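Listed features, source TrEMBL:
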type     : residues : note
ACT_SITE : C112     : active site
ACT_SITE : H252     : active site
ACT_SITE : N282     : active site
DOMAIN   : 106-183  : domain 'Beta-ketoacyl-[acyl-carrier-protein] synthase III N-terminal'
DOMAIN   : 236-325  : domain 'Beta-ketoacyl-[acyl-carrier-protein] synthase III C-terminal'
REGION   : 253-257  : region 'ACP-binding'
Amino acid sequence: MVYSKIIGTGAYVPARIVKNDELSKIVETNDEWITSRTGIKERRISSGEKTYQMAAKAAKEAIENAGIEKEEIDMIVVATITPDFFMPSTANLVQAELGLKDIPSFDIVAGCTGFVYGLQIADQFIKSKQSKTILVIGVEVLSKVTNWFDRNTCVLFGDGAGAVILKSSNQEGIICTYTGSQGDLQELLTLPAVPLKNPFLHIPNNNGRPSNISMNGKEIFQFATRIMIKSISQVLNKSNLSISDIDYIIPHQANIRIIDYVARKLKIEREKSIINLDRFGNTSSASIPLALNEAHKEKTFCPGDRIIMVAFGGGLTWGAALLNWTI
Ligand code: ACO
């Protein structure tokens, strides 16, 4: 039986730190409100780093950490909602940056669940023996699509990139994955693309919607708690395990209150949740691989630990991956 397992991780975040107090100079907010409502204290903001550049830096670190030659990589999957171009994809740009040729590389869009979707796709390519070594990246420069005049959203987001190398193995790494989506809830969390505009259209005041994230925070909060519990339960059921068999949860880093609520409901001990949103905010597709990389580098995990990654995001989308740690 062929399985896939993570053999290396990497990350990159911009050096520029923006603390809550600095945001209170831009919008009417304060450190106390942001900290108590979200758990976020600071975030990293791009000083010019592009999405593909951050992705490539995270990738290089993951390749080094995995101890492989970059030429072993036979597919690149990038999850992002903030690419530099619609075309070429971020994955194509990363491929060029790494100096790799011929292999398939593509982006996927699944909001903040993007990394879990990417991992699921890569896992399937390996299990079907079409690939052996896949670079999976989650990367965002959310600062370029944040409405910096909207205090409801601008305090939440940050920029960053995280990457893993997934390799085929006879040892079971990824045990199972689960994803879902509900497009009719799209309006709760949106990031519009280019508005329709051409010389044959005569629509008065057709300026399109601004390319900023907008969100119904309360609805998303409720959705997030419900769907994260469902996603965790799905991967546990699929693998005949119970929550007490799980050593660590790596949740999408959106809000500490969402993470705490889910942990309370499922009776997960606090120390089992990997949390870094206090320092990076919500980095969408990058949040799980960033947290994973940090915990790995801090030697939090031991071989044999069972880990669940769980996310929700715009789409609306959701998903979870259950894996054995093997490094
Ligand atoms: N500073 C100060 N006051 C604020 C701020 C702010 N930054 N933002 C909102 N407020 C005000 C509101 O205007 C409101 O004032 P009012 O009562 O006078 O109208 C008050 O604070 C309470 O606002 P609520 O929206 O009720 O605050 P809530 O406790 O729901 O927290 C939050 C808001 C943090 C956005 C929460 O709803 C949340 O976390 N939702 C989920 C968001 C999320 O997970 N997003 C992730 C998906 S997006 C992605 O991952 C890409």
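Glycine too: its Cβ is placed from the backbone N, Cα and C atoms.
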Long-range Cβ neighbours of the region 'ACP-binding' (253-257) (under 8 Å; 6 or more residues past either end): 37-40, 112, 156, 221, 224, 275-278, 280-283, 287-288, 290-291, 312
Cβ-Cβ neighbours of C112 (active site) (radius 10 Å): 30
Which of H252, N282, the listed active-site residues, has fewest other Cβ atoms within 10 Å: N282
C112 (active site): secondary structure state under DSSP, collapsed to three categories: helix
Tally of DSSP helical, extended and coil residues in the domain 'Beta-ketoacyl-[acyl-carrier-protein] synthase III C-terminal' (236-325): 38 helix, 22 strand, 30 coil
